[in-house]
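Going by TrEMBL, these are the annotated features:
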type    : residues             : note
BINDING : Cys87, His90, Cys158 : Zn(2+) binding site
DOMAIN  : 18-193               : domain 'GTP cyclohydrolase I'
Amino acid sequence: MSYQLFEEYQSHTTSDLKENFHNILEQIGEDPLRNGIVKTPERASKAMQFLTQGYNIDPQDILKSAMFDEDYKDMVIVKDIELYSLCEHHMLPFFGKAHIAYIPNGQIVGLSKLPRVVDVFARRLQVQERLTHDILECINTTLKPKGVAVVIEAQHMCMMMRGVQKQNSATTTSGFRGQFEEIQTRNEFLKLIGH
Ligand SMILES: Nc1nc2c(ncn2[C@@H]2O[C@H](COP(=O)(O)OP(=O)(O)OP(=O)(O)O)[C@@H](O)[C@H]2O)c(=O)[nH]1
Ligand SMILES: [Zn+2]
């Protein structure tokens, strides 16, 4: 999608979303014309489009834009990458940290690109398992490293604010490819991220 088309698409969906948020306000018993919330449908639309902008971005392009030939053969870890996503069942936030490691195979990637890939997949409706897998596969297919590992630790608002209402439970998901399938490499990574 060209930039201009994307802008048109954005403004089009914003007005559709605005109307829907206006209806939601009415249906939960609010007065959408009340002074404090008269602009809320517009604000909520922009917030929702921000939180789901990942559908319009190709995460492989992000990695490809900063891959460099380098003969470094050891593990590279970027840990404690904060993430905020929306669960696809309730559209409520889940949030936490991602830890990513890879072992280069002749090429390294710009470090900032790894958190950027996390954000692209997090800014879609997700389940934590698929988010973990999406990040793992994207790095594996694009960078083609000797190994890649992803661990995500998160808390789900849909389990805290409603439903089962457990405030202290945390969910850990992980995925390992290549050399991280070997127990020794995997354990070294888990030790370095403090597990
Ligand atoms: N596996 C997985 N489940 C999730 C995730 N986010 C939310 N869920 C769960 O999705 C499930 C949806 O279950 P349903 O029984 O259809 O929905 P519900 O009646 O709202 O369930 P409760 O949350 O138990 O009240 C719930 O168990 C949620 O805890 C996630 O990232 N991964
Ligand atoms: Zn949920």
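Cβ atoms here come from the backbone N, Cα and C positions, even for glycine.
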Within the same chain, and leaving aside Cys87, His90, Cys158, name every residue whose CB is within 8 angstroms of the centroid of the CB atoms belonging to the recorded Zn(2+) site, in sequence order.
Leu86, Glu88, His89, Met91, Leu92, Phe94, His156, Met157, Met159, Gly163
Segment-level pLDDT (mean, integer) for the domain 'GTP cyclohydrolase I' (18-193):
98
For His90 (Zn(2+) binding site), name the DSSP secondary structure in the helix/strand/coil scheme.
coil
